[in-house]
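Novice: The structure that follows is given in the form of structure tokens.
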Amino acid sequence: MLDRLAALPQQRAAWLLLSLSAFGLMGAALVFQYVYELGPCVMCIYIRVAVCAIGLAALVPALLPSSALARLIGWIGWIVGAGWGAKIAWQLVEKQSTPPEGFGLFGASCDFIPDFPSWLPLHHWMPALFEPTGDCTDKAWEWLGVTMAQWTLVSFALYLMAAALVLTAVLLRRR
């Protein structure tokens, strides 16, 4: 079992599966936006960026699975994307869970313009994907009593647990 887990980073299929899972989440986000008309808030947009980071970073070792540099790029994108995404999802869950009076005069609203670097204005380049049109406090969708923000937190936690499991197997096998 340990050997199988440790061998995954060398396999193109494993990185493709990681990338496909991320782009599947992005596809689901677009269905919610354009089919069910649930506009993404600015924090949802940051979550989308984290998901895309995982998906794009995983494509690099999927194309070059024998390259140590490509695998390093994949690992960094996977872990940083999942960690940052979990942080943003946690903040969104907290924002949606706190009563409006806990946020002062203007409630728990969030910005309507993403704070992207000036050299990477994704909301201008790809507004269909990265322009916020919703409110952070809107909990318009739930499944099994769990909000979309909570499901994204679960998704990022699973990404982090999978990374920890595979990385641990790789490190233990090298000992």
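Including glycine, each Cβ sits where the backbone N, Cα and C put it.
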Novice: Are CYS44 and ARG174 on the same side of the membrane in TrEMBL?
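Specialist: Judging by the topology that TrEMBL records, the two residues are on different membrane sides.
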Novice: Just confirming the record: what cysteine out of CYS44, CYS52 does TrEMBL connect to CYS41 via a disulfide?
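Specialist: As annotated by TrEMBL, the paired cysteine is CYS44.
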Novice: Minimum Cβ neighbour count within 10 Å among the disulfide-bonded residues CYS41, CYS44, CYS110: which residue?
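Specialist: Ranked by other Cβ atoms within 10 Å, the disulfide-bonded residues CYS41, CYS44, CYS110 bottom out at CYS110.
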Novice: Are there residues at least 6 beyond the ends of the transmembrane segment (72-93) whose Cβ is under 8 Å from a Cβ of it, and what are they?
Specialist: 9, 15, 18, 22, 41, 43-44, 46-47, 50-54, 56-58, 60-62, 136, 147, 149-150, 152-153, 155-157, 159-160, 163, 167
